[in-house]
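Notes follow the structure.
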Amino acid sequence: MLSALARPASAVLRRSFSTSAQNNAKVAVLGASGGIGQPLSLLLKNSPLVSRLTLYDIAHTPGVAADLSHIETKATVKGYLGPEQLPDCLKGCDVVVIPAGVPRKPGMTRDDLFNTNATIVATLTSACAQHCPEAMICVIANPVNSTIPITAEVFKKHGVYNPNKIFGVTTLDIVRANTFVAELKGLDPARVNVPVIGGHAGKTIIPLISQCTPKVDFPQDQLTALTGRIQEAGTEVVKAKAGAGSATLSMAYAGARFVFSLVDAMNGKEGVVECSFVKSQETECTYFSTPLLLGKKGIEKNLGIGKVSSFEEKMISDAIPELKASIKKGEDFVKTLK
């Protein structure tokens, strides 16, 4: 049922170029000058769903904004530079996307980014809590398994926490799963949908191939290899880029897909489903990614895990200890802040 509800991967990006969509979303990108931020900002500028695009970073944002502002689409673009300009960037925003932070290099795990990115995310989300407390917050900055608990605890500190509006963007895992399944089966990836649950790092990434639409079957050895490739796809890109960065273009695509789905739902479109790492009661983990029915106020309904195979069931139980540790690490970090 979950997979049937979820739209094919590219449908939402295609819609973002249609002229009938409401053009009213005010979107901020924090970390807009970086490897993900620039192509993400380009995709957002290209969409009629967005009426105002505000870009923030600690360097180069005026140039990125000037460059994007010449594109012949409706969204107005303005760049903001440095902490003193951050409040103005956020005022009146409906959606804030946070790709800010340092990328992975070869040999690094997403968790190795924690010390740097935890501080960046805490600082940026604190500003969001003060200047756009009602906005949808979409966190791309890794490690997502920790940066979402950080975001939640920061919002709690400011007394404006709403669990239905804070999202860890795991969409790239779904995009990769769709692509890799389509490659193996000779299908159009735009017509494949694989729910991916759990978290957004290594073995916490749990593709539910048994729930794939259309239904696909793999022998166990191929299924194990496919699952491993989906889990380590980010590392595949880091290695291929040989020290020159991590997944930026595919992450920008996935981030834009999630934002467009969210804005569609905020505009009243029904049946919009995306997986995301959010506050959850679906497992013993306090945060967990599952398919979510999105609505005007964020999460309308958590659609849960659904029926899974014994292979997937084992992956879920194996992921929980690591997820719990990452969640605790994020929550404990906020306790150390002034």
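Placed from the backbone N, Cα and C atoms, the Cβ positions cover glycine too.
Feature list (source: Swiss-Prot):
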type	residues	note
TRANSIT	1-24	transit peptide
BINDING	G31, A32, S33, G34, G35, I36, G37, D57, N117, I140, A141, N142, M251	NAD(+) binding site
CARBOHYD	S33	O-linked glycosylation site
MOD_RES	K91	N6-acetyllysine
BINDING	R104, R110, N142, R176	substrate binding site
MOD_RES	K165	N6-acetyllysine
MOD_RES	K185	N6-succinyllysine
ACT_SITE	H200	active site, proton acceptor
MOD_RES	K239	N6-acetyllysine
MOD_RES	K239	N6-malonyllysine
MOD_RES	K239	N6-succinyllysine
MOD_RES	S246	phosphoserine
MOD_RES	K301	N6-acetyllysine
MOD_RES	K307	N6-acetyllysine
MOD_RES	K314	N6-acetyllysine
MOD_RES	S326	phosphoserine
MOD_RES	K335	N6-succinyllysine
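For A141 (NAD(+) binding site), the nearest neighbour among the listed recorded positions (K91, R104, R176, K301), judged by C-alpha distance, is R104.
For the recorded positions R104, K185, K301, K314, K335, counting C-beta atoms within 10 A of each C-beta gives the highest total at R104. Of the residues the record lists as binding NAD(+), namely G31, A32, S33, G34, G35, I36, G37, D57, N117, I140, A141, N142, M251, the two whose Cα atoms sit farthest apart are 18 Å from each other. Compute the center of the Cβ atoms of R104, R110, N142, R176, which mark the site for substrate; besides them, the chain residues with Cβ within 8 Å of that center are P143, H200, A201, G234, T235, V238, S246, A247. Comparing CA positions across the recorded positions G35, N117, K239, M251, the one lying closest to S326 (phosphoserine) turns out to be N117. Using Cα positions, the member of the recorded positions K91, R110, K165, K301, K307 nearest to M251 (NAD(+) binding site) is identified as R110. For G31 (NAD(+) binding site) paired with K185 (N6-succinyllysine), the C-alpha to C-alpha distance reads 37 Å. Within 10 Å of R110 (substrate binding site), counting C-alpha to C-alpha distances, fall the following of the recorded positions G37, K185, H200, K301, K314: H200.
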